[in-house]
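Novice: Before I ask anything, here is the structure I am working with.
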Amino acid sequence: MKARRNKKQVPSFRKLIKTSKVKLENKLKNKQFKQQSTIKKYRKEQRKLRQAVKDAVSKKPIPLEDPKSKRPVKRMEREEDEEEEALPLDMMDEDDLQLMKDLGQKASFLTRDLSSSEPVHIKKRKHESVIEKYEKVPRTLQTAPEKELIHLLPIKDKSGIIPQAREKPVTDVQQEEEAEEELEDEEEVIEDPRKELTIEEHVIERKKKLQDKKIQIAALASAILSDPESHIKKLKELRSMLMEQDPDVAVTVRKLVIISLMELFKDITPSYKIRPLTEAEKSTKIRKETQKLREFEEGLVSQYKFYLENLEQIVKDWKQRKLKKSNVVSLKAYKGLAEVAVKSLCELLVALPHFNFHNNIIVLIVPLMNDGSKPVSEMCCEAVKKLFKQDKLGQASLGVIKVISGFVKGRNYEVRPEMLKTFLCLRIKEVEVKKDTEDINKPKRFMTFKEKRKTLSRMQRKWKKAEEKLERELREAEASESTEKKLKLHTETLNIVFVTYFRILKKAQKSPLLPAVLEGLAKFAHLINVEFFDDLLVVLHTLIESGELSYQESLHCVQTAFHILSGQGDVLNIDPMKFYTHLYKTLFTLHAGATNDGIEIVLHCLDVMLSKRRKQVSHQRALAFIKRLCTLALQVLPNSSIGLLATTRILMHTFPRTDLLLDNESQGSGVFLPELEEPEYCNAQNTALWELHTLRRHYHPIVRRFAAHLLAGAPSEGSEALKPELSRRSAVELFETYSMAAMTFNPPVESSHSKRKDKFLPGDSFLNEDLNQLIKRYCNEAAPETPLDFAKCLESSSRQYRVNGLS
């Protein structure tokens, strides 16, 4: 019978040399375990070595006896007794006796060889002699003072580990006191020349120090800008100068460093957010260039974080009126330092909205918008406005709006109105316009498979598929920002804004924030949901009727109401007559004796109420408003008169039948009632615009030009037509152009150069010769010096008066 053949295949050479992953891992673990055990052994040896050295130092050596000195009698007797009790030498073996002699000569009382280079727990070999090690230990008299050993890092060579130590002499108290006295003397010597410096020398020395610091800052900044990846560590060196301790230049140097670091971060920061690396990314092998980039990003983020923490600490110390222990910077100078820190934070808020820690900057800036210091508050508000204006996507704006809304609610609506006025700079309106255009121009629709099968051949379908694929890829490449994401962010932002506005309308109607709220509602009213229109109009009318609002606040209410009605509110059946009546009766509140700040709001309201709602405005209402605007133009400042006359011109073009106000003939429908508060029933058709004749003699040339133009019927052509720079501008633009807020007259007043010259007669001024002679005689004569006697003159005059009375 055949022997059974082994079916196992002989392993190949490749399999023999191949090592499994488990084996490799086990090998690695064993290697690490051995290294750890070796380290533990080494630490144990070092611990024992230090303990042995301490024991050897702490033992007090017995001083050697002088053979010449006489020993005391008692000690001699005790030694004799010990000798008697000791084992006699004749009873010991020769080997033991020889060993005792050797031990006595070789000083075997030490247990360890301190000078040996071998480890403590080294294995003993047979050929080594234990006694020979102890001979290496020196025996010296301790006549010198005790010295403490400082243990250093050991050295390892072929023979083993060599411990290293250094002696530290024990200093006495007297030596320490002498050293302190020497230091004090040196300090006094150093301080003496400083006190002797004059003011001029002190200023020169400060300039020199400051110049050196400026050169150092410039050198570091230039090195970082030249190659940020290689010199990222110099950011730390530059940031360390924020802790300048020299009181002469501390404030200036810190300000320069803050500004320099801010500009550096704006220049070298990448245009993306740096995220922390995962464990898997850290463990993978990468190229040198990638590793260098990672190190740069990590260093940049860490230094940027520390820089922001330093700025936050400066602002916090200033707010809490704290000073550092060193007292290098005074409290007065700390305010300027804090303002520079706030300015840097504002710059970073605007310049780096995409980078790390942007939300942290927002949390720092928003409370400072409500700060008691006006420069700081204005600086922060301007930075937030700038961020809103340039934020295209809306991510940064949403973060700021969330923090502001929470801050206003947390302060119970007791904040500066400027905080809410920043909402007016949001770019939500522009996105809505883009959305409308995208709805009109819908994207191209691709053909379905069934449509392709019906109309195209097999080859055409293949080409069509490839073409559609390319079009999709091109569309994805061109779309840099997602419109859907943009609309989503702006919708969320708008919801938070309206929630803040409605809270203030509901809970804080007497708050100084109300004008800002009404102004914001007027701007974003077209974006409010239609469901809230009725309730919002009722609230606005209630606020107007309450009488607690100022004139400008009531105008904001009117403007908001008509913005609501001019947008989606066209579909609602709401009669805004009460708002027309309120504006008509309050127009005469404006006059030249007060500031004309409300004129701009009035011009906006008239544009929304009359020009844009021309189909809903009756003929009688248009006539009444034109008559009242011309009357108002007589009692306001020139720029306000120009704006009102420009609005009158637009209304005369919008409502052509209003030219009957230029005739002096009246109709038989009644008498004009100028004091009536209802514009519909004041019979404005029975009056004329006599105010224009008065305005033709106004001292301002532009007012005169507009008055003449309106009297001629506001023609578009001819001699009475306006110039293009006047006719093409809106009423608000003309009001701002000819404003005299800068205390300058526009157009400038021409200096009068009269051609007539005053003629003087040669010789005497008077033609009468007798009069000239009399004047010369009295001018040449010297006046007699007579004393003044008022009593005598009074008696003579009274006596003369009596005589005249009797006669």
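Even glycines carry a Cβ here, placed using N, Cα and C.
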Novice: Can you identify, from 167-191, 267-291, the stretch that Swiss-Prot calls region 'Disordered'?
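Specialist: In Swiss-Prot, the region 'Disordered' feature sits at 167-191.
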Novice: Go ahead and report the DSSP secondary structure tallies for the compositional bias 'Basic residues' (40-51): helix first, then strand, then coil.
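Specialist: The composition, in the requested order, is 12 helix, 0 strand, 0 coil.
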Novice: Quick one: average pLDDT across the coiled coil (449-489), no decimals.
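Specialist: Average per-residue pLDDT within the coiled coil (449-489): 72.
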Novice: If you draw a 10 Å sphere on the Cβ of K332 (SUMO2 cross-link), how many other Cβ atoms land inside?
Specialist: 8
